[in-house]
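Peer 1: Below are the features listed in TrEMBL for this protein:
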BINDING   ASN43, ASP77, SER98, LYS99, GLY107, LEU108, PHE109, GLY110, LEU111, GLY112, ALA113, LYS114, LYS427  ATP binding site
DOMAIN    28-151  domain 'Histidine kinase/HSP90-like ATPase'
Amino acid sequence: MSATAEKFRSISPAEFFYRNKEIAGFANPARALYQAVRELVENALDATDAHGILPNIEVSIERDSVKQYVYRISVKDNGIGIPEKYIPEAFGKVLFSSKYVLRQTRGLFGLGAKMVILYGQMTVGEPAEIISAAINSRRIYSYRIMIDVRENKPIIVSKGVWPNNTGWHGTMVKVAIEGDWSRAKQKILDYIKRTAIVTPYANIVFKTPDGEIYTYLRVTETIPPPPRETKPHPHGVDLELIKTMISETKAQRLIDFISEEFQGVGNVIAERFLTKYGFDPSKDPKTLSKEELELLVKALKEFNEFRKPRADHLSPIGAELIKIGLNSILKPEFVDAVTRKPVVYEGHSIIVEVGIAYGGSIQPSEEVVLLRYANKIPLLYDEKSDVAWKVVSENIDWSYYGIVFPAPLAILVHICGTKIPYKGVGKESIAEVPVIEKEIEEGVRQVARSLKLYLARKQKEEEMMRKAVTIIKYVPEVARNLAVLSKANPVRIDEKELEMKIFELVKHKYGEYLNNISSPYDIVIGIE
Ligand SMILES: Nc1ncnc2c1ncn2[C@@H]1O[C@H](COP(=O)(O)OP(=O)(O)OP(=O)(O)O)[C@@H](O)[C@H]1O
């Protein structure tokens, strides 16, 4: 038997994702349509709110009149735009991004927009169109682009330039892909709605292939402080990172390298650290041996006198905005939210935020309605494998908080940070990292306690109301009887007047529960 020789070759990142589109969320036409909208909307939001611009986002999906499986997606924003020289690669080279820095953005992998274009190319074959003007650009550029999968580079099909007379800035991306609107519709509508909940400062207009228009208008002009780039924390480094940092640093002494390139390290601490572990502070970091580098990484992770990672570069939504968002979209009877203090995960700060909404327009259901977010991205798939699901369904005993299912209860969990432990590049669920799980649990308990107080107060009010109503119910009768008895009395008593007098007495005692009741007759009708 003759063995055939194995054929070896390497493939480009574009080809890898072309072959494995499922791992990026493009498993079938329905999922792909959802994922495409998501990737483009997230880029639009990153280009606006992460730069302090109040977002105006227009999303449209149109069905091709002949090929019914073809959908044309267009997403337009008023963001910072893309400098012309980067447009082709930003949309035509897989793993090309402006977000490979330590900054809290929705985008992370340098993949999303390219996957949409690649998927469109595989299923429909039309080039994608990108129209963009960077801030202060005197021209608007338009590129029609395809991706050279083998070479992982953009193919520019055509290019246009216009004068930017109105000072417009922003980006519009148009791409045709195979989709399945009927199966994706609910998820896409949910996605847009959940995005609107955490961006109450955005205008979002969504035009569906059925000709419906969903509009989420800005309800506040308050926008979270934009995220800022930060430096790595010593506890988060590994051998590879330290090598890169050393190759890029301008510092010529170890002490300068440690104090300048890391966050949370001043000169004094850097010196104490280096002395403790026997490093010469004036040594050139570029001359460290392999063994010394290994020792340095171990020591950086171990030394516990560095300041904790800072979190002022992060951009949490904030409890007030969460409450505004939940109120305006879910219209509940009760809402509360909390932004927890930062915690540290592998040398990165993480902030967990939790919101709660109860009653009102929320439909009672057998389970908590869980609204999950990471860096302001709504996560809709793989709910059951997410750490937040574990917390609300396993760790919390809701009966302790006075909740009996079915209940009209929604919990919002937002995790933000420069490193999020997503379970995959599709960014749909978050791993069960103990420190994050604990924070979510504490946050949920905090807002659940506030709901419990509200429900207890409401129950007491209802009891008092019932009591007052029961008493008042008899007012007319007691008054009549008193009037009859008083007939023997020479002084004439007006029956009506007496009823009102007794009613006023009762109202005086229970007045705060009887705001809408001005006469005993209102009650008699109302209570049965
Ligand atoms: N609407 C937009 N406005 C401004 N810049 C954009 C826009 N869309 C994309 N870009 C630029 O193109 C780059 C590539 O986008 P892409 O969606 O491929 O990856 P990403 O957003 O960096 O990461 P991820 O794969 O996690 O979404 C972005 O980093 C950004 O610089």
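Positions of Cβ are set from backbone N, Cα and C atoms, glycine also.
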Peer 1: Taking every protein chain shown into account, which of the binding-site residues ASN43, SER98 has the largest tally of Cβ atoms within 10 Å of its Cβ?
Peer 2: ASN43
Peer 1: List, in residue order, those binding-site residues out of ASN43, PHE109, LYS427 with a Cβ under 6 Å from any atom belonging to ligand 1.
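Peer 2: Going through ASN43, PHE109, LYS427 in sequence order, those close to ligand 1 turn out to be ASN43, PHE109.
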Peer 1: Average the pLDDT scores across the domain 'Histidine kinase/HSP90-like ATPase' (28-151) and report the rounded value.
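Peer 2: On average, pLDDT over the domain 'Histidine kinase/HSP90-like ATPase' (28-151) sits at 95.
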Peer 1: Summarise the domain 'Histidine kinase/HSP90-like ATPase' (28-151) as counts of helix, strand and coil residues per DSSP.
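Peer 2: Final tally across the stretch: 42 helix, 32 strand, 50 coil.
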Peer 1: On a count of neighbouring CB atoms within 10 A, which of the binding-site residues LEU111, ALA113 is highest?
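Peer 2: Compared across LEU111, ALA113, the most Cβ atoms within 10 Å surround ALA113.
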Peer 1: How big is the ATP site in terms of the longest C-alpha to C-alpha distance among ASN43, ASP77, SER98, LYS99, GLY107, LEU108, PHE109, GLY110, LEU111, GLY112, ALA113, LYS114, LYS427, in angstrom?
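Peer 2: So the maximum pairwise Cα distance among the ATP binders is 22 Å.
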